[in-house]
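Trainee: So TrEMBL has the following annotated:
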type     : residues : note
DOMAIN   : 1-254    : domain 'G-protein coupled receptors family 1 profile'
TRANSMEM : 17-40    : transmembrane segment
TRANSMEM : 60-79    : transmembrane segment
TRANSMEM : 100-122  : transmembrane segment
TRANSMEM : 142-167  : transmembrane segment
TRANSMEM : 198-217  : transmembrane segment
TRANSMEM : 233-256  : transmembrane segment
Amino acid sequence: CTVIFTRVATKDLHKPISILFCNLAFSDLFTSFSGFWISMLFITNPDITIFGSKDMLAPYALYTMSILSTIYNLVSIGIERYLAVAESMRTRFRVARNHSIAAVFINWVLAFFLGCLPLMGWNCLHTGKNVSVLYSPFCVDYLIFIGIPNVVVAFIIPLFTYLRIIIILRKRKLRMKACGQATGTYKSAEIQVARTSIFIWLLALISYAPFFAGAIFDATNYRCHTDLYPGVYIFRNCTAMLITMNCLGNPIIYTLKVKTLGAKLKALKCLSTNRVRACTI
């Protein structure tokens, strides 16, 4: 909420990256809200969160949808940063406001569709077979279907985009150095991007790797709920806490540090024409 109110108060929503940041804040808000909803159900009636119930379909679907939306927004931010740097020397393409709005719309449509599949019938509420131990009445195959591809997307695409940004900055720094130009802006931008990418990776690894491990455990486990109580469910609650901590970490990484990183990237995009001609990039 602080991120959303700050963005609205500063009237900075017309920038493409600001739209993505606000959308990320909305996704984190939905994740926290759905997590709070599940926590209240656990407090009032713990059995339905362990053995599964029809009442758990809606909160779990909202929880899944908000997590997927957060992942897609993080990927969109990485792609936008890459395009902002990679295309800063060209005039053919610019990341515009309409592009960010379209990305936000696609992210939510995809997250809504995948998150609501259990509500459309892909659940084990009546069959009782292939049911998830940690997230009943979800099916194990559904968790694998949404878990493995999205974990790969969350790790591979940001790795590629931020590594490409670092490589591009380093190449331009070497070209500027060969032309006898100052390279302080490129060096500081490269360091900032490297630090931010490391924080992104560590936060994603700490937040989503345990959930992915739980999905694998679900797929390989054949014991009933009572045999796994309470240790496995303590682990499940810890994974939910880590995902919620991700919602707190995103504003720190993407919003509190975006002013410094944005200033560096803006300096790269506003290079003088003489410098571009001198370096013949």
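A Cβ is built for glycine as well, from the same backbone N, Cα and C atoms used for every other residue.
So that I understand the layout, could you describe where these features sit and how close they are to other parts?
Mentor: Tertiary proximity for the transmembrane segment (17-40) is limited to same-chain residues at least six positions away from its ends with a CB under 8 Å from its CB atoms, namely 1, 3-4, 7, 49, 56, 59-60, 62-63, 65-67, 69-70, 73-74, 76-77, 80-81, 84, 95, 97, 100-101, 103-104, 107, 240, 243-244, 246-247, 250-251, 254-255, 258, 262.
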Trainee: Across the domain 'G-protein coupled receptors family 1 profile' (1-254), what is the average pLDDT of the model, as a whole number?
Mentor: 79
